[in-house]
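S.K.: Copied straight from Swiss-Prot:
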type     : residues                                                                           : note
ACT_SITE : Glu89                                                                              : active site, proton acceptor
BINDING  : Gly15, Ser16, Met17, Phe18, Ser19, Gly20, Lys21, Ser22, Asp88, Glu89, Val90, Gln91 : ATP binding site
BINDING  : Cys145, Cys148, Cys183, His186                                                     : Zn(2+) binding site
Amino acid sequence: MYETYHSGWIETITGSMFSGKSEELIRRLRRGIYAKQKVVVFKPAIDDRYHKEKVVSHNGNEIEAINISTAQEILNHKLEEVNVIGIDEVQFFEDDIVNIVEKLAENGHRVIVAGLDMDFRGEPFKPMPKLLAVSEHITKLQAVCSVCGSPSSRTQRLINGEPAKVDDPIILVGANESYEPRCRAHHIVAPSENEKEEM
């Protein structure tokens with residue numbers, strides 16, 4: 001058995017949309033609160049789907065959070081007495097989030113991040129590959145494909161009911177009006193207008 005020391009670590013919760021990432025983040029943070037640990041939660045300002053100052057899961061569970069525009073803002077908060085730091089929708093931050101999360105863990109914090117591992121095109125989402133590489137614990141969740149009911153690993157973006165084009169902007173904050181969970185077989189990315197003309 002491993003001997004544990006009072007050092008920090010990084011836990012990453014990832015998967016497609018509707019796989020329960022925020023739900024799992026909230027569950028872990030609440031366990032810390034029940035254990036009388038000091039918990040602080042951050043979320044990106046861009047994610048204002050349900051509430052600006054709370055992490056809210058798709059089924060309505062919520063926890064208070066500090067709204068930040070950049071990862072650097074995390075370091076502006078007094079965290080010396082904090083045991084557990086949660087960060088939701090981590091894919092919306094720039095790559096500097098990786099160094100910040102590592103610094104927090106090195107300073108003895110348990111850091112739990114949650115975010116999409118792939119964008120709507122099925123490609124790695126910004127800082128997630130690096131965060132996965134430096135994490136001690138990784139949980140990859142799956143939703144259920146909205147087409148066939150198989151486990152889903154992808155996020156399907158829909159624009160007016162049609163698959164988004166490959167050259168559409170990467171970030172479009174939305175919920176079930178814009179996205180569906182899909183399996184590999186039913187995940188579709190439409191070609192760009194230029195690609196259509198070349199066909």
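For all residues, glycine too, the Cβ spot is worked out from N, Cα and C.
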S.K.: I want to verify one value. Collapsing DSSP to three states, which class is Gly15 (ATP binding site)?
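M.R.: In the DSSP reduction, Gly15 (ATP binding site) maps to strand.
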S.K.: Here are some binding-site residues: Lys21, His186. Which one has the most Cβ atoms within 10 Å of its Cβ?
M.R.: Lys21
S.K.: Which residues, in sequence order, are found in the same chain with Cβ within 8 Å of the centroid defined by the Cβ atoms of Cys145, Cys148, Cys183, His186 at the Zn(2+) site, excluding those residues themselves?
M.R.: Ser146, Val147, Gly149, Ser150, Ser152, Arg182, Arg184, Ala185, His187
S.K.: What whole-number distance in angstrom separates the two most remote CA atoms of the ATP-binding residues Gly15, Ser16, Met17, Phe18, Ser19, Gly20, Lys21, Ser22, Asp88, Glu89, Val90, Gln91?
M.R.: 16
S.K.: Have a look at the binding-site residues Gly15, Lys21, Cys145, Cys183 and say which one has the shortest Cα distance to the residue listed as 'active site, proton acceptor'.
M.R.: Lys21
S.K.: Between C-alpha atoms, which of these binding-site residues comes nearest to Met17 (ATP binding site): Cys145, Cys148, His186?
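M.R.: So, spelling it out, the nearest of the binding-site residues is Cys145.
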S.K.: Just name the most isolated of the binding-site residues Met17, Cys148, going by other Cβ atoms within 10 Å of its Cβ.
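M.R.: Minimum Cβ neighbour count within 10 Å, taken over the binding-site residues Met17, Cys148, occurs at Cys148.
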